[in-house]
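Engineer: As annotated in TrEMBL:
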- 37-55: transmembrane segment (TRANSMEM)
- 67-87: transmembrane segment (TRANSMEM)
- 99-117: transmembrane segment (TRANSMEM)
- 129-155: transmembrane segment (TRANSMEM)
- 167-186: transmembrane segment (TRANSMEM)
- 391-592: domain 'Calcineurin-like phosphoesterase' (DOMAIN)
- 694-713: transmembrane segment (TRANSMEM)
- 725-743: transmembrane segment (TRANSMEM)
- 749-767: transmembrane segment (TRANSMEM)
- 776-797: transmembrane segment (TRANSMEM)
- 886-914: transmembrane segment (TRANSMEM)
Amino acid sequence: MGSDKHSARLLHNLKMERVRTILTHTYPYPHEHSRHAMIAIVLGCLFFISSENMHTLIEKLDNNFKWWSMYACLLGFFYFFSSPFIGKTIRPSYSTFSRWYIAWILVAALYHLPSFQSMGLDLRMNLSLFLTIYISSIVFLLVFHVIFLGLWYIGLVSRVAGRRPEILTILQNCAVLSIACCIFYSHCGNRAILKQTPLERQHTSWLTKGDGGNSTWLAKFIHIDELKEQVCSSWFAPVGSASDYPLLSKWVIYGELACNGSCPDSSDEISPIYSLWATFIGLYIANYVVERSTGWALAHPVSVDNYEKLKKQQMKPHFLDMVPWYSGFPCLTSADLFKTVFDLLVSVTVFLGRFDMRMMQAAMSKTSDEDKRKELLYDHFTDKDDFWFDFMADTGDGGNSSYSIAKLLAQPFIRVPLDDDLVSLQRGNVLLIGGDLAYPNPSAFTYEKRLFSPFEYALQPPHWYKKDSISVNKPELPEGVSDIKDYDGPQCFLIPGNHDWFDGLNTFMRYICHKSWLGGWFMPQKKSYFALQLPKGWWVFGLDLALHGDIDVYQFNFFSELVKEKVGENDAVIIITHEPNWLLDWYWKDETGKNMRHLICNFLKDRCKLRMAGDLHHYMRHSCTTQPSDGAPPHVQHLIVNGCGGAFLHPTHVFSDFSKFYGASYESKSAYPSFSDSSKIALGNILKFRKKNWQFDFIGGIIYFLLVFSLFPQCKLGHILRGDSFSGHLGSFFGTVWVAFVYVTEQSYVSFTGVLMLLIVAIMFVPSKISRKKRLLIGVLHVAAHLTAALILMLLLELGIEICIQHKLLATSGYHTLYQWYKSVENEHFPDPTGLRARIEQWTFGFYPACIKYLMSAFDIPEVMAVTRTNICKEGMESLSRSGAAIYYASVFLYFWVFSTPVVSLVFGSYLYISINWLHIHFDEAFSSLRIANYKSFTRLHIKPNGDLEVFTLGVDKVPKEWKLDKDWDSEPRPTVKMSHHRRFPSKWCATTLHQDPINTVKIVDRFVIHRSEQENGGS
């Protein structure tokens, strides 16, 4: 009983439900994804490895520092290359490609090093056996699929699934099958066990008790080498002899003879490797035929647990990730980025100053001034006594961050702590969005997926609304509402940002000015700029700065006339723009927005109480502390930047020294994140640049290879290895690096061209705010760091090959070393007395062995590199044909790319960190690389009954990444006549961990009060 209780506790500790969850496949056709087989292989490998005598392995370890240094370098580089993909889902993608790519070239390199032989592990048989079985499996399965498709075509079988197998699926299954056979061979061999009489067989079960009655299966586990022997001889024993299957006797491979005493001349036992391979192939074929002929759903009904799991997966939002701004891999995202650059170039070089959509809007307006004003001025809020409105900007990047802010905006009220108490902040009657509605470029896809989708999840549009509908005569009021003054739901007004202008404002006009709903927010807006008359003498001017950074003459005319005719002397105006020109002009040492300055200083004078903008994705507030030198009141009392609506985070510490605007002095009152936190976040460029921007590999690896292209191969490296001390080796190594640098600058053509082009790009990459001399110096140092790193990596790779050649580990017998060795031992370990291999070679006209031969050569990249390198060093580069040179440089690139991609990311990330924290440049580049979705905020403003404006900025430090269906939203009745803004729980999704939901984590980042009248205090 004691052992039973112990076993029960052990099984409980294993958490079998979790194991079951891991082994349960979520895809409809498991045979096309070898997850079960991969798990079984990993477990089997761990089991067999643990069966070896660790003491013997330790005694056989090679203590040579040189080889273990090579091991450390190899494994280190390969780990850093694959680190961004650890834990990612295996699917046909760059991540999956990288895994197989790493496994290929890592094994091809490791099996040449001697320490594996010193530990009793010879990988040559495993590699050659893997490639042979791999080719055989691919050919066999391809023939099967062709036959099966032929039978389906003539109508003999049905295919419920209705789709052909993917070639990648076949390749992956063949790879897993081959690895399984190789692992079995490594630990059990290909032995043919001679038959014994029943009395001679030993079938003592390792699960039963021993002679003493005290040993359980756990005690047997100590003698795991005996268990391994029994597993190989009993559990995985051959299926029988060829005489048992006379029809198959000429179509099998036989086992290697293993016996005690006298042995017959040849074995009659079928090879256990062959039987294992045939079993896997048979299972694959049977599984495929059953699934494609009868339907997986009919043969395997979904269990309740799987159904609930599938339902949970479906009941999650499919948000897009943050835009990868450093994507260099040719994929959809890069296409979006290239389109962004192209649209920007067209907008700036072709249309800027020649065609302006704002001029078109003015030209398309109605003729009379009164009608024009009605299209731009909205005064239906003036009768409200208690008025709330919200401001946010720069949404439409990552779905998680955009939805978090949209959800907070949609709530009927938010309770937040304030001075040891909870205050309730009502949802805004109006939502003001300050531009950059979708990234990276304005298109139907980005607007729908990155802007409209999160807002529709947060507050659903009316049930009668159709997404494809176009609003011709705005405002198109809901049914039952005759006047916009009677509509009690939230409304939304938006201005475009620079990203919205990349296509000439085309997408903004289609989705904002000609649609009526952004989720549950009603959009009566008709133009890209507007004016709102609010209660208690407050006004909002929404200005469209386009790509000029200024308002055009038509806007100036409208707003100046409005100020003269409508805005009272004691009224207060809030101006929202996309760009915070007070910060950007100070940073870039520029002066923009002259028309806007004329409007504020000469028309509004001191009535502009607040300016709000986005574009910079952080929150900062500056308040006026000293009046202008002429003693007049400040033109603007408070300056707010809040671009935390969903886009990546920008730093705040770069702008900490700003203090002057329009002749008045300002002081920073609040920053989110704080200056110290912002500086610490920048450290992520060193630690996380490649993890966040692994798509940059494609560009970075090619650049480094071009920098050292002319230096391959390095034939004279013996002096580095002849040093007597470590310092001597190190001195010779860096001396060779300097010689290589001189060669690049004086004799190389390709590498020097690469260095020159990189230098030009690096200098142009430095912001223009600093002097030309500093830009030149920074660019030169930046390129020098990259070139030094590339030269060191080149020399390490060449040195590793040179060491292996000197120790006769590479370049010993030509390009087909592995194949020649395999042919020499094939008949010994895999007897073929019936001549099956010879018949296959004859039937395929020599194609089958040729495929194996050249596949082994293609797999053995280090051998190809070493043999070609030796030939070049002996006979010169002229001895190579063009195809030979292409093969050599391709083989070098395969390894150099792995070495260089982590390093180029480290060097570039370090450059960004130094630039942002020490030089205060590259604030956009250094933080867009981090793609930080956290530190999101919006500003909620309240016009109090006494006319004062109370301003709250609400922030969320950490944005949730996982969401689930909100039970409160799902259980709340939804009558068809009820608008979503009347619901108590308007948002569909909540955080999987409720205490991380934005509603529970939101906090007040900043709070202050602005008095409307100039006779009162300027603010508190």
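A Cβ is built for glycine as well, from the same backbone N, Cα and C atoms used for every other residue.
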Engineer: For the transmembrane segment (749-767), find every same-chain residue at least 6 residues outside the stretch whose CB is under 8 Å from a CB in it, and list them.
Structural biologist: 588, 703, 706-711, 774-776, 778-780, 782-783, 786-787, 921-922
Engineer: Cβ under 8 Å, sequence separation of at least 6 from the ends of the transmembrane segment (886-914): give me the contacting residues as numbers and ranges.
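Structural biologist: Apart from its flanks, the transmembrane segment (886-914) reaches 77-78, 80-81, 83, 102, 105, 109, 682-683, 685-690, 693, 696-697, 700-701, 703-705, 708-709, 712, 782, 785-786, 789-790, 793-794, 796-797, 861-862, 864-865, 868-869, 872, 880, 922, 925-926, 929.
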Engineer: Mind pulling out the one from 99-117, 167-186, 776-797 with the most Cβ pairs under 8 angstroms to the transmembrane segment (129-155)?
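Structural biologist: Ranked by Cβ pairs under 8 Å, first place goes to 167-186.
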Engineer: Which whole number is the mean pLDDT over the domain 'Calcineurin-like phosphoesterase' (391-592)?
Structural biologist: 92
Engineer: Taking residues 6+ outside the transmembrane segment (776-797), which of them lie with a CB under 8 Å of any CB in it?
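Structural biologist: Contacts with the transmembrane segment (776-797): 73, 703-704, 707-708, 711-712, 714, 717, 733, 736-737, 740-741, 744, 755, 758-759, 762-766, 770, 892, 895-896, 899-900, 903-904, 907-908, 910-911, 915, 919.
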